[in-house]
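Remarks on the structure that follows.
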Amino acid sequence: MPMWRNCSEWRVECKDWGDNVRLSEWLSPQLLSRWAALGLLVLLCGAWVLPSSKLYHQSLILLLWLPALLALFLRDFRKLLKQPELVLFIALSAWVMVVLVVKGGQDPLGEAKRPVYVLLSLLGVVLASRGQWSIEMLLRPAALLGGLFALLSVLYFQFASPLPAGSRLIAIGLWDRAIMAAHAVGALAVIGAFLWQKPRSFLWLTLYAVSALGYLTFLGLNQTRGVWLALFMVPLVMAFARPTRLGVLAAITVILLSVLAALLIPEVLMQRGLSYRPELLAGGLRHLLENWTLGFGFNTYEILVPSSGQVFKHPHNMYLDVAIRLGVPGLLLFALLWGSVAWRAWQNRAEPLGRALLALWVFSSIALLTDGIGLWLKPNADWLITWLPVALSMVLAARRPASDGVSLQASKGI
């Protein structure tokens, strides 16, 4: 149960006003949680329907970041944040600031704000999980909607898209790049699969079936092979992490289907070869060795592929991009943060959210290895495989005090 339900009212000492003001009279914890819950749904599904990235970002500011900022004035909320994930994130952000000061960037002020944006998003997800609706109750409808919008994307692409024939499938709305759209859709599919509950009526069963069809068709027609590999690995790892009859059956089924696809349609799997990934890896490592301590910062760098003459702005490997920009110390700090998420998920794999997080972490780790673009970007599709796993890990960490018997009902003040 959320730790501030039925608790006494907090008071803010306002010396300038010469009086006590009851915080709950104008802004209650429950109101903040519901406010942030709307922001979480915008983060996960708003890109399908909002007309511009600017409006998407403004909606996140108003509905997710602002309530998170206000919640920091509540002592009871701050108590939830005493966890290793947040400490590691702050350490990583501090290193980002050091690199930014020393190396600079194209827009230093704007780039310095990005860790703050991420922090407020992480806090917003934790805040959303503390209200009337659990985080599972918020993620399930988001995953259901994701599948329905994925199916709409397929239908639009097939019958109304202005893109030429043979183009890779993209999503309707703001996720208009094939790889990033596959990342977001794949993340929602994984979350939905591991938080799935048996529907109570035929109508809900039909909606779930249509949503699942949307995910399958979108991810198949999108043709992002890194996402296919990530999806292939998820049931294998989960069958090992928590062996069940259904989990083992799913793993065996995935293996058999993959072998069948390799035998019957090998041209689909290999039609674009390795997409210059070995050359990009080699070029990225050369950049890393040039400045392995502080990296390039937020300055632009390029990787030339000699065999084709093409120039890329990133190595299609997020871990390598982090190392190039922040140096080896930055990569190590991120590895500690990412590892803490895996540890948290593994420790909580007996509960649905823990299993969903572990599956999402596996999916994200592999997808970022083969197609990752960057870590410190404005809110976009890749946030669902970079920062959402960290946020869900923080949600699980915030639940621990409740299970340890810590009560906040008598707490007062800020």
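Including glycine, each Cβ sits where the backbone N, Cα and C put it.
Now, the feature entries from TrEMBL:
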type	residues	note
TRANSMEM	31-50	transmembrane segment
TRANSMEM	56-74	transmembrane segment
TRANSMEM	86-102	transmembrane segment
TRANSMEM	114-131	transmembrane segment
TRANSMEM	138-158	transmembrane segment
TRANSMEM	178-195	transmembrane segment
TRANSMEM	202-219	transmembrane segment
DOMAIN	213-335	domain 'O-antigen ligase-related'
TRANSMEM	225-241	transmembrane segment
TRANSMEM	248-269	transmembrane segment
TRANSMEM	322-346	transmembrane segment
TRANSMEM	358-377	transmembrane segment
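In this chain, the transmembrane segment (31-50) lies out of contact with the transmembrane segment (358-377); the count of Cβ pairs under 8 Å, excluding pairs fewer than 6 apart in sequence, is fewer than 3. In this chain, the transmembrane segment (56-74) does not touch the transmembrane segment (138-158); fewer than three CB pairs sit within less than 8 A of each other, excluding pairs fewer than 6 residues apart.
For the transmembrane segment (31-50), the residues of the chain that approach it from at least six positions outside its boundaries are 2, 56, 59-60, 62-68, 70-71, 74, 121, 124-125, 127-133, 138-139, 141-142, 145-146, 149, 171-175, 184, 188, 379-381, 383-384, 388, judged by C-beta separation under 8 angstroms. Residues 4, 10, 12, 23, 27, 29, 32-33, 35-36, 38-40, 42-43, 46-47, 50, 117, 120-121, 123-125, 127-128, 174, 378-379, 414 of the same chain, all 6+ positions outside the transmembrane segment (56-74), place their C-beta atoms under 8 angstroms from a C-beta of that stretch. For the domain 'O-antigen ligase-related' (213-335), the mean pLDDT of the prediction comes to 89.
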